[in-house]
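For reference, the structure discussed in these notes is given below.
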Protein chains: 2
Amino acid sequence: MAQESQITPRYLSGDKPALREFLDKFDVFLFDCDGVLWSGDHLFPGTVETLELLRKNGKQVVFVTNNSTKSRADYRKKLEGLGIPSTVEEIFSSSYSASIYISRILQLPENKRKVYVIGETGIEQELQSENVQYIGGTDPAYRRDVTPEDYKKIAAGDESLLDPEVGVVLVGLDFHFNYLKMALAYHYVKRGAVFLATNIDSTLPNSGTLFPGAGSMSAPLIMMLNQEPVALGKPSQAMMDSVEGKFKFDRSRTCMVGDRVNTDIRFGLEGKLGGTLGVLTGVSSKEEFVSGDVRPHAYLDKLSDLLDSE
Amino acid sequence: MAQESQITPRYLSGDKPALREFLDKFDVFLFDCDGVLWSGDHLFPGTVETLELLRKNGKQVVFVTNNSTKSRADYRKKLEGLGIPSTVEEIFSSSYSASIYISRILQLPENKRKVYVIGETGIEQELQSENVQYIGGTDPAYRRDVTPEDYKKIAAGDESLLDPEVGVVLVGLDFHFNYLKMALAYHYVKRGAVFLATNIDSTLPNSGTLFPGAGSMSAPLIMMLNQEPVALGKPSQAMMDSVEGKFKFDRSRTCMVGDRVNTDIRFGLEGKLGGTLGVLTGVSSKEEFVSGDVRPHAYLDKLSDLLDSE
């Protein structure tokens, strides 16, 4: 982090020439959503107009979210519900990122291309969209107690429980997490499957407080295996590779916009993007932006200050 | 570990005077079981006679196990099934250890004495034996999917889901682990409950392979809370305090017998017992005993070599 810590972030709010100069440097803007475009269920004023301005000026807009339970189609509906026009193609979620990573970046042997999923329907839909075969997930056959027979079958490598074609274990947020799923995931990885996680956020905000996040499903496996998963969510560069795999953008002409230094800004800096833009409407403070360990290239009081570039 | 690493372990097998001298130093012997008395379902020859010899010479024998799913009564049946005579009073399991720790060592306020249990019936039975009130555990009301109502109730601190008298969260091996249990445990600790674990072994041997252990139930909570539990199993000194709380023994006249340096021998050394005795019928090797970081005071090829002291 030594290099990044020497950035002196430029404050752009209200500075029309600086805003113009900044925007001119980029063709692609990657957006974190909660804390940037909205907070909880509250859309920030000017969000829609700002996105419109960028699109009007020929900028590619991409929404990058660690949410793994929703498919991109579901997420587009969420954006629509908040009044933000978007297309499915503009949305990049950690479950989609994982699917892209599996289908386009991992070089799996012919007979090891199935994915064992711990997670909900959002992951399944995205695997389908990339024609990746999977088992587990929302299949009711896995939503049951472990039995004495299961132990014996798993120990014996019985193919009715351990599919020999599974080459990847993908762990995301699963509201139906249980002992059997944990045991199967462990044994697949021990048998050589790649250990992937959509994201490893330990908690998930809901109803104004926190609940177990996707990372809570990976935690037991990390402990049992003494191995970290390749995590596809921000700030993992596997996600950046996936975004690039799809959009084929020029990193030097791409800017990451976010409210959190440790996920969003770090994601952009480690990805060697041309720019990172912090906004003060979310988690990180001005002090963190200007004197923290991880600093954005520039920052704004709020996203809609970009409208002043006009 | 600097001090312990300077121990030069004495090899006692076949050395009658050394065996006698060693035995004379102790009144109490704490035994690890698997790898010392038996392996899997196979009782080692001479185990019964060795225990008999110790008892005949007035030694107190205590069986110390990290197994949390069995009550002491269940464990006594297991010993009996293997042909080892014992009494419930001689058995010390991590669930019993946890119960003793809660009832005799933790000083809980009057209105915070209930325990929220993640675990099976062994834990419940031991809490009952110490007259500790508990909720959760095997109660079918907790073996269900999380609902949208649950999020709201938990966020609001609704007493139908979050009992205000809970002052301890006790996490052990639970074959019916789920999202709701995880969420409740997290919120109880956030509201001030003490975070305890029967033990934090990440895996559990079964059918010749490994399955998720009690530590796999604590792992998500450790990640979410960024806090380690007080773990009651070996090598935790909370377990030693509990054993002492019950048997009131003189540590200088007590010897821990085990096959694993990192759990059993460490447990005895950190507990400042008068002696630790390694046996070579389990996990650790002679090389580990004589030149590892954690070394026993003495070691034997097998436990029944103690019979040569006669």
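For all residues, glycine too, the Cβ spot is worked out from N, Cα and C.
Going by TrEMBL, these are the annotated features:
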- B:Asp32: active site, nucleophile (ACT_SITE)
- B:Asp32, B:Asp34, B:Asp259: Mg(2+) binding site (BINDING)
- B:Asp34: active site, proton donor (ACT_SITE)
- B:Lys234: substrate binding site (BINDING)
**Report entry** Nearest-integer angstrom distance between the alpha carbons (Cα) of B:Asp32 (active site, nucleophile) and B:Asp259 (Mg(2+) binding site)
**Finding:** 8
Report task. Starting from the Cβ centroid of B:Asp32, B:Asp34, B:Asp259, the recorded Mg(2+) site, name every other residue in that chain with its Cβ within 8 Å, sequence order please. Result -> B:Cys33, B:Gly35, B:Val36, B:Leu37, B:Gly258, B:Arg260, B:Asp264, B:Val279, B:Gly282, B:Val283
Query - Coarse DSSP state, helix versus strand versus coil, of B:Asp34 (Mg(2+) binding site) - result: strand
Report task. Return one of helix, strand or coil for B:Lys234 (substrate binding site), based on DSSP. Result -> coil
Requested in this report: With a 10 Å radius around each C-beta, find which of these recorded positions (B:Asp32, B:Asp34, B:Asp259) has the fewest other C-beta atoms nearby.
Outcome: B:Asp34
Query raised in the report: Counting every protein chain present, what is the number of Cβ atoms, excluding its own, within 10 Å of the Cβ of B:Lys234 (substrate binding site)?
Result: 29
